[in-house]
4 protein chains.
Amino acid sequence: MKNSEKEGFDKGSQSSGEYDAFLEEKIIAYRREFHRYAESGWREFRTTARIVEVLESLGYHVLSGKEVIHPPSVMGRDSEEVIAQHIKRAIEQGGSSSIINKMGRYTGAVGILETGRPGPTIALRFDIDANDVLESNEENHRPQVEGFRSLNEGMMHACGHDGHTAIGLGLAEYLMDNKKELKGKIKFIFQPAEEGVRGAKAMIDKGILADVDFFLSGHIGFQLPNGKFAPKTKGFLSTTKIDVEFTGEGAHAGSDPEKGKNALLAAVTATSNIHSIPPHSEGVTRVNVGVLKAGVARNVIPPKAVMEIETRGETEALNALMYEKTIKIIEHAAAMHNNYYQISKMGEAGTVSCDHELAEIVGNTVKDLGIMDEVVDIQYLGGSEDATLMIKEVQNRGGMATYMIFGSAIGAGHHHEAFDFDECVLIKGLKIYAEVIKKIPTLRNDV
Amino acid sequence: MKNSEKEGFDKGSQSSGEYDAFLEEKIIAYRREFHRYAESGWREFRTTARIVEVLESLGYHVLSGKEVIHPPSVMGRDSEEVIAQHIKRAIEQGGSSSIINKMGRYTGAVGILETGRPGPTIALRFDIDANDVLESNEENHRPQVEGFRSLNEGMMHACGHDGHTAIGLGLAEYLMDNKKELKGKIKFIFQPAEEGVRGAKAMIDKGILADVDFFLSGHIGFQLPNGKFAPKTKGFLSTTKIDVEFTGEGAHAGSDPEKGKNALLAAVTATSNIHSIPPHSEGVTRVNVGVLKAGVARNVIPPKAVMEIETRGETEALNALMYEKTIKIIEHAAAMHNNYYQISKMGEAGTVSCDHELAEIVGNTVKDLGIMDEVVDIQYLGGSEDATLMIKEVQNRGGMATYMIFGSAIGAGHHHEAFDFDECVLIKGLKIYAEVIKKIPTLRNDV
Amino acid sequence: MKNSEKEGFDKGSQSSGEYDAFLEEKIIAYRREFHRYAESGWREFRTTARIVEVLESLGYHVLSGKEVIHPPSVMGRDSEEVIAQHIKRAIEQGGSSSIINKMGRYTGAVGILETGRPGPTIALRFDIDANDVLESNEENHRPQVEGFRSLNEGMMHACGHDGHTAIGLGLAEYLMDNKKELKGKIKFIFQPAEEGVRGAKAMIDKGILADVDFFLSGHIGFQLPNGKFAPKTKGFLSTTKIDVEFTGEGAHAGSDPEKGKNALLAAVTATSNIHSIPPHSEGVTRVNVGVLKAGVARNVIPPKAVMEIETRGETEALNALMYEKTIKIIEHAAAMHNNYYQISKMGEAGTVSCDHELAEIVGNTVKDLGIMDEVVDIQYLGGSEDATLMIKEVQNRGGMATYMIFGSAIGAGHHHEAFDFDECVLIKGLKIYAEVIKKIPTLRNDV
Amino acid sequence: MKNSEKEGFDKGSQSSGEYDAFLEEKIIAYRREFHRYAESGWREFRTTARIVEVLESLGYHVLSGKEVIHPPSVMGRDSEEVIAQHIKRAIEQGGSSSIINKMGRYTGAVGILETGRPGPTIALRFDIDANDVLESNEENHRPQVEGFRSLNEGMMHACGHDGHTAIGLGLAEYLMDNKKELKGKIKFIFQPAEEGVRGAKAMIDKGILADVDFFLSGHIGFQLPNGKFAPKTKGFLSTTKIDVEFTGEGAHAGSDPEKGKNALLAAVTATSNIHSIPPHSEGVTRVNVGVLKAGVARNVIPPKAVMEIETRGETEALNALMYEKTIKIIEHAAAMHNNYYQISKMGEAGTVSCDHELAEIVGNTVKDLGIMDEVVDIQYLGGSEDATLMIKEVQNRGGMATYMIFGSAIGAGHHHEAFDFDECVLIKGLKIYAEVIKKIPTLRNDV
């Protein structure tokens, strides 16, 4: 086990500074371990197994895999064949086979800390998946130099979720160590498949937020530099992700071109018309055909085409409009070329407002804590996050939620093959979560 | 009257050579008159009036306008307002108002010569319409130099139908003068609106071919030079002509772009997909979006678009396939952009085979006549002609038909603004028709 | 003369209420006269002649046509042939031929009032052109019912510039009548061709703003209802208007399709790619291919295509980016199809900020005046206006400017064939201009 | 070794019928072996090694790999990494490592039989590569049932080249056994990479045809059924195969869409315009975008796109025209979207006429032989073949050539996953080649 060398450390006998240093070293090690064994969405078997292992060793009540996932709500997951290969790989890479077997082919975990004292239920959400990116092996890329570049070709933590997971595990240890200062119930949600906004819905639909009064999540990096912190976020774009498959008919392009039903021309027509959907006067809209693959051979009229598409909107209504127009275009591009088509929803996220009252207590707590240089009022995101679905779920049940940004120097942009971040943000994130959790029960005595 | 100067000519007392010279001068004058007063399809009011006038003066029984046209079968005719303007113009340009009034707003004429002797009914078809072309006014364009350039801007005899009409009228005079050598019945069909293959169907549906045993038509020029003649033609492309109108909805392109239903994008999508219909392995196919007009103002999402389209095929089946694919594309291009669409059929022609037996007698007659340098077996057309519909009608009723090409030097290609032809072909054409008509009754005693 | 009936009115002996009623009746009459003789951009010969006539009769020093227009900067003007026809029509419709002759084939006028007292130069800009719209003749359209529907088919005051011009002329009379209360110099700018943002640049480049310290303009209607007023405006979209002509080569679509250089396919490619230019993350952008016309005949590969395009951006940089991308697409769409292309700039406008200090005095003046129900702080436009070019010119020279919105009930939206407005806004507009002009000299003693 | 069981067969002591049966059994075994170890173009390492082994064991002088291939002329070959994997696989599948090592990473072989008697040099060309097709595993697919379905997933003999290779090896044995009846020199050319018309050029440029007087090649199946034979072929379409790569720039589709340079839109524009290239009036033309792959992720503006394209023409001039138009479209589609592009030529073939004189002797020989039911005059191909490049090379040097079709029942069309053929054609093909080779020296004593 990676952190076995620290087993001899006697927490009780150490100073606060020594304890912090001990924790920081530990979460940096966690981060590098997850970075090295990067697993992208719905493939996080080693990652989940490791989370379960740590949480159980700390004394948490832990649920995982099928216990926290509602399969019918799962979007954008590989075929069972591919999942089986990833389970095999995860075990080969040291994932506990007994834990993985228990997970029932699904990833993600929830750890519960019951303080035994009355108080609210606070959910903390950490996303755990990597990106489908081939990590840089350049000599100026720190993970390469320091030996924790991803071992899994084509999967890389290029967004910082390795850091989120590390903060979550460190925080779990800290809270357990400081359990006597806490009230109510704390739920650690380790969510799979945030990339592509695929995972949140399946956890919500499993009911894991049914008892939650307060919800906290957040992200490291983005536009905020080291030392800055935002207690709330705006500019979540509502989004829908779809895969489209056109099925026509092949034919020899030289001898029988008229016999084909050209799926590429259907896809080409769809693409150019989808990109021509006009902008909306009431707010930001986006649409992208990100991937198009068609055809089987140079001399055959393409019988198949697949497209990966996303729509976005500043409001859910705007996204819905973009989505409807996109669907209509696809339908008629197919019909025009005598193709069948199939649309699969691969992800979705909404747009929300963080609760001002909660954000204010978070902001003041961070100011008081004195570990960040500056607390900005609010940070603009301009992207999509399926934490929004969880935030809305909690708010709809009468709870409160916010999404924080933890400033951090980053090497190359998010999702870039040379992404990296300054690990000093990790212990700061841990301490911010910890202090806010202590403060929340004072916010509302009624819940 | 244009040819009144010749009224004093005593045909009976002249030699054959003198008679021929007299006729040639006359038909060249006819040709130039029709060229000068060029009228495009369904607008040939002055032209028809003049034809009627000449035929009646020669003693023909003449039907015209609504008597020879079945209005429900008319394709591609102007609105009544525009027709009214052309009637007005035709009368101003010397067309007999009493004849035009009798025509009932439709053009075309049929002249009948009953020989009184038993024999077959032979139909001769001459097309009379001009093209929608602005005639050249360059100093090297003979009609400009010699003063018979079209007076009607945007209408020009750029295909030689002025010559066909002139041959027809000269031939009518010749046959009447030589009536005693003829048997059966001769029908002169002066057809409107051949350009765009719009006129033949309405004459057929009126029943003017119901009694016809033999059918002759032809064209001057094409790829055959002066002195060459082909007694039959192949390579008629079957064709369908349609007008399409997309109706969407306008919106201010700056302030409300999302409110528009963009008819131009529907038309653009249709155009690029129509031009992408693959060629067919079984023969020549063609498709063309010849005209596209869309939009009302730069700053308005285009609410309307109109397209003029034609499909063609080496066989009627191939044309039908191109047509179906085109229609399907239009339907879904409209639906994709929430547009309505309307398709109007503007013309059609088929593909036929000339009767070998008839063509053989034509070819031999021309060889015997000795006025052409060379008789080729068959000529390839590669275009469309609605004489094909008449040929098929006659053949379906058990008759025989052929379509001849009269070689002629031409200045610039057919439909070009500088088109012209060597008028020496006119008298030759007349003589060929005349001799063939005399021979035909020997071909089949049974009909 | 239209207002000669009022010649007997003795202004001096009337009460203020009677004087206002007299003025209101007069400007309503002006408005209806201009509505009746609607003339679109660069064709405002009768309109300009009438303005000159009134201003001169009031004692203004008046410049017109070529005296106020710099021809090389003129955009989007008809050919000289068309201009000649409109001059003819304008004279037939009562425009003074001596004034029109003096105008030198250009429209627009400037009237100058020198108070003789020291003070700033204040420019007032009124746009005078109609839209290229066929006015409704429905029985619920007031101009139709009350007999002032446009006499000029296809030209209609559908934006309210007839009202602007009427306010300007009424104001000119009022200020002349109250000259003793004024300081400095007042310049009335009657600008042609605001629609399509074509006219302002040519007036600026003639130098008519060279001495201006304060600039006022405004618009009736838009989103503000009767009784509301905004002393300043934001949301001007920077815009560029271009016409594009593709020149390829025709060919017979049946017999020689390969010989064509298809200008329609070039235009279709340009259109679909222009509409696919992505939105910009830094602000609103727009692009529209508003008009596309291509082809000469159904059976000819289209040899020509013309397009009318506009780009817009929330800032000038954003518009410039859209414009560059559009140009690049056009260039390569042409080259791809072996076409030549030509781009003509047909209009342009910028984006500006109204001066806060000036707007504040305007707002306070209107509040004090008590004739509007509510003064809103600022109004969002979301469209383009070439008054922006004049505002920027004045601001660049150290002057101040604002653009006001005069709320008015409107029947149907701006540019709609059934547009109309509540004429009660006219006298209110006049009074607001008048009071502001009196106040301005107190704003800056230094200018 | 697959045919070692036959080593004990004493050819000399057998009747002709027994010898034929022995040969037939052997070539059927060859065919099934090659079918089982199917290797597509430039990957035929096991196939080549096996050919070399057999030819050498028969006493041929054999050249292979780099000895018969001119690397700079190679088109459409995998990267060296992929080639290395296929070499590894070929050896694992029993290919002789010593032969393969000698081949120098290139495939293909030439075997030479010097009769020692004066006479012409006759080249026989057999193509040896499989298709990139996943073979059917349905229970009605004979190779599946009888256990010789391809072991190499994604590579399958779906065109019959396994049969060609088997005929070649059987013929090599037959000719060596009957060497005393032969004159001149016989060259067996086993050509790699015919699919995609990639391999012939590299063998020609190596000079292997420099001494050839007569050239024979052919194909089994196509439209000819069992028992029919054509001594010559027409309708070879000239073709060019290209791969295109567009390189733009990625960007986050939600937060920075304007920063992207969209390679997919470049490819979409190219595709729709390439498919809109009009047909040619002078003959058959074809174009196909057979494969398009673009983009890296749904939420990223696609930075890359690759296309696989082919053009064809009934003549080389027609193909050249299609090719030029295609290239021009690609160039400007890239430039329009600020993309770079790269075009790699992946294959080419011409169009040729078989020599009538040679075909006549072939036809007569086959008629005399009496093993085929019918000898048709000529067979139409309607596809492309790079044997055309070899035919032209031989003809240009003054030699003669023909391309034969050996009728055969086939299960499913060529290139279909369920392709199979009636193996009875193999021995017939062998006998035809053998008899023709014996006759050829009588055709021209001079060469």
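In case you wondered, yes, glycine gets a Cβ from its N, Cα and C as well.
When the candidates B:HIS415, B:HIS416 are compared with the Mn(2+) site entry in TrEMBL, which names B:CYS159, B:HIS161, B:GLU195, B:HIS219, the shared residue is B:HIS415. The binding-site residues in question are B:HIS161, B:HIS219, B:HIS415, and the one with the fewest Cβ neighbours inside 10 Å is B:HIS415. Same-chain residues that are not part of B:CYS159, B:HIS161, B:GLU195, B:HIS219, B:HIS415 yet have a Cβ within 8 Å of the Cβ center of the Mn(2+) site turn out to be B:ASP127, B:ASP129, B:ASN131, B:HIS157, B:ALA158, B:GLY160, B:GLU194, B:HIS414. Listed binding-site residues: B:CYS159, B:HIS161, B:GLU195, B:HIS219, B:HIS415. Those with a CB under 8 Å from a CB in chain C, in sequence order: B:HIS415. Sorting the domain 'Peptidase M20 dimerisation' (B:243-315) by DSSP state (H, G, I as helix; E, B as strand; all else coil) yields 15 helix, 31 strand, 27 coil. Taking all protein chains in view, 25 other C-beta atoms sit within 10 angstroms of the C-beta of B:GLU195 (Mn(2+) binding site).
A C-beta separation below 8 Å, combined with a sequence spacing of at least six in one chain, links B:CYS159 (Mn(2+) binding site) to B:ALA130, B:ASN131, B:GLU195, B:HIS414, B:HIS415, B:PHE419. B:HIS219 (Mn(2+) binding site) falls within a strand segment according to DSSP.
Across the domain 'Peptidase M20 dimerisation' (B:243-315), the prediction's mean pLDDT works out to 94.
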